[in-house]
Each structure stands twice: as structure tokens, then as C-alpha cells.
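Asks: Here it is, the structure in full.
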Amino acid sequence: MDNNNACVLVDGHSAELKLRSSTIGPNVLGIGSLYEQTKMFTYDPGFTSTASCESSITFIDGDEGVLLHRGYPIEQLAEHGDFLEVCYLLLYGELPTAAQKKDFDYRVVHHTMVHEQMSRFFTGFRRDAHPMAVMCGCVGALSAFYHDSTDITDPHQRMVASLRMIAKMPTLAAMAYKYHIGQPFVYPKNDLDYASNFLRMCFAVPCEEYVVNPVLARAMDRIFILHADHEQNASTSTVRLAGSSGANPFACIAAGIACLWGPAHGGANERALNMLTEIGTVDRIPEYIARAKDKNDPFRLMGFGHRVYKNYDPRAKIMQKTAHEVLGELGIKDDPLLDIAIELERIALTDDYFIEKKLYPNVDFYSGITLKALGFPTTMFTVLFALARTVGWIAQWNEMIEDPDQRIGRPRQLYTGAPLREYVPLSKR
């Protein structure tokens, strides 16, 4: 047997499986030939121990609380970079030079307008429709307007589609918000940066001048960076799976948005904010801590723990700082929700129960407070998540298209239904 392979014994028969090495993190065992050698599949619900692809975009070390994009720590990117710089990094693999950054920013900014006919899509929805429902429909419909960039075999068309989606998502998200609250749409302005443009499209009204607060714009930009990509999560895997069939990029991103809408994925910050509201005051925290520890109580602390992180989510530290900056800039000194959040965090980092179960604050814990302070209703939280994550989805989709090992996704199953049986005519049943 090759020293780079592993031997698996199944019912007295051996199977030789190839070991594949990672740059950092766990190596993987290639099981593609397992069925051929043993006539057996592996069983791993939720992909707990299964790598579905090879990727060079994002790395997470959940035990150490590390998040890297193309090798760069998220802390450094959020502190020193801006969102479009991170977009360039995710798409192309390297940080841009000054000239590359200027050119990339220009190309994104000049794709922010959407076809005027798109406005008719919004009028077809009820005003009280959830903005995520609207986003699913409108993003999927982009392929009907921009069918000159849907040939996935053409690298140029793929890149044009990538830029279009990164550029148009803020416009569509702002339109969804404006339609939801009954205000007129606001067109983008090419002389504003990405985050400032988005805030203006959301909060400007025709009857008065709107000046973007640079502190709030920087906070919005940082929130986008923190949500740009997060490895092979549910929505990213959905985008890859849809893309493996050859679906156009707009359809793939719409599929990702639909998956992100699930409360276990993109809706966590909304649930965390609702939990803080339910607790109400700091003096009620012990009551809810006791409930969280009670196995028979359905109450769960939202914003704590993570499927991957078994340490402090590095994004949570940055989000906490951002929350303080936003509240300070807006003069919100005695926000009860922030007081509750800070005390809950203190308890979680010192209480043996939370430490033993590795329940540390995650990025959703502070993001809800921050977005609420910026003026967004809870129904928009997941929309903002989708807006930011679009670049990650696109980068992962492009990588999947270019990977020669990838083919259409076709998971196997453990069948537990009825064995072969004969059809019985209706008259004899």
C-alpha cells in the first residue's frame, strides 16, 4: 500500500483510500473509490466530517477561533481594509495594488444601476412581504435582464456576472427595504463608496438632503467584511450544488439566498436581538441563565456557540467594537439591550457551564444591536447578510466552475424504506 494512502477494512475486505494534504488544518481521506472497492457508502448527516470540495478561499480553525481569507486574518482585513478590497481578494486571490483597486472600484460602481423594468417586480409583491422573499425572486430574475453574462464556460462572462451581482445587490436590497416601508426608490450615486451608497439608498428621501455619516458608513462596511465569506456553510454549499448542475450564476445566488433565509442560518442575529428584548433588563439575566441551563426548559441563549467555532468567534470581537462605535456616534449611551449583551457576555466568559460547553459569543450576538441602531428593522437583517455574502458565494461558485475534479453534486443515501414488493390492484387492497 502507498504510504500516502489509508487502508479501511470492511467486512473482511480492505479498501485503499488516498490521503490528501491541506495547507493548514486537517488532512482529508478521499473516499471517492470506496463504493467501487466495498459496495458501501459513507454516512455523515450534516457533513460533520466530510469535505465536499477543495478550496483556497477561506480557512477556519474553530478550536483556536481563527478566520482567514486567502491567508489574511479577518481582524486585519476589517481593521485596515474596505469591503471592495476584500471582494477583490476573495475573487482574485491577492490584495489589489492601488491601480487594481481603483479599476475594480470603478467597475463595481458603474454596475450598481438595475434595469428600470426591475421596479415592476417589486410592485407585484405585497408591501408586507418579507424582504427576503422579494430578494429571492428579484435576484433569480436578473438572468432575464442580463442574459449576456450567463454562459458559465466563458471566464469573461463569469466575471461580468460576478461584478454585476456584487454591484446590484445593495441596490436591490435598498429597493426591497424602500418598497417594504412604502417610500420611493433611491437611485445609486457613482461618487459614493459602496457602504455609503447603500446607506443613502436606504435612508434618503426626496424631500430633504441626506448626508452620509462617515462613522456609520465605516461600520456598515465593516459589517459587510465580517459576513463576506465563511467557508462551506449551508448557503455556500447550496450555491456550489446548484452551480454543479450548470445553472446560471444568478439562479445559484438566488438559491443561496433562499438557504440563508432559514432561521438556523441567516436569521440568528434577529433571534439574538429578540432574545435580548425578551430579557428586558440586566436584573433578569440570572433568571434566563438558569433557564438556559435547564434541560427541560425550551429556552436557548441566542448568539452563543457556533457549529464550527469552539472558541471566541473572531468576528464577534470586531462586531462588539463596531456596536460601541455606532452607539457612541449616535449618542445612545444607555441602550438597555447593549447593557444586557455586555453582562451576558461577561457571564458566558466566566461561568463554568458556558466554558465547559464552549458557548462563546458569536458574530450574531452584537450584529443585531448594531443594525438596529443603524436604523434597520429586523426583517432586513438577513437581507444585509445576503448582500455581504454574495461575494463569497460568487468566489466559491467561480472556484467550483474552474475545479476539474468537480462534477454535478449527487449525494447518496442510506435507504430504510420497504424492500421490493409486488403491486396489489385497488380492488384487492
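Yeah, the Cβs are placed from backbone N, Cα and C, and that goes for glycine too.
So Swiss-Prot says this about it:
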- His306: active site (ACT_SITE)
- Asp364: active site (ACT_SITE)
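Help me see these features in their spatial surroundings.
Replies: In three-state terms derived from DSSP, His306 (active site) belongs to neither a helical nor a strand segment and is classed as coil.
Under the three-state DSSP scheme, Asp364 (active site) falls in the helix class.
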Asks: What's the CA to CA span in angstrom from Asp364 (active site) over to His306 (active site)?
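Replies: Rounded to a whole number, the Cα-Cα distance is 10 Å.
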